């Protein structure tokens, strides 16, 4: 009886070590934080999204990127919305 219990334990341990038991779980890798973005002229960079805090002095492509990725859109005379 002890031999059977020992063999069952070893077999289940081997399956866990090979990853056969938990096939349906969370398998995606943990995303890495975004790389450091150098500050651009026109205002400080927000540390969590890489978009300037103010709309002044940024290029059109950067403003469009911040708007499409984060919903932070620049409007003439109003600054960011969202």
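In case you wondered, yes, glycine gets a Cβ from its N, Cα and C as well.
The disulfide bond feature in Swiss-Prot is assigned to 51-66 (among others); the stated evidence is similarity to another entry. A 10 Å cutoff on Cβ-Cβ distances gives residue 51 (disulfide bond) a total of 23 other Cβ atoms nearby, all chains included.
Summarising the annotation, Swiss-Prot assigns disulfide bond to 55-73 (among others). For residue 55 (disulfide bond), the Cβ neighbour count at a 10 Å cut-off comes to 22, with all displayed protein chains included. Under the three-state DSSP scheme, residue 55 (disulfide bond) falls in the coil class.
Sequence-distant contacts of residue 67 (disulfide bond), defined as residues of its own chain at least six apart whose C-beta falls under 8 angstroms from its C-beta, comprise 73, 74. Residues or ranges marked as disulfide bond in Swiss-Prot (evidence: similarity to another entry): 67-74 (among others).
What Swiss-Prot lists as pyrrolidone carboxylic acid is 20, and the listing cites similarity to another entry.
Residues or ranges marked as serine amide in Swiss-Prot: 81.
What Swiss-Prot lists as signal peptide is 1-19, and the listing cites sequence analysis.
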Sparsest-packed of the listed disulfide-bonded residues (66, 73, 74) - C-beta count within 10 angstroms: 73
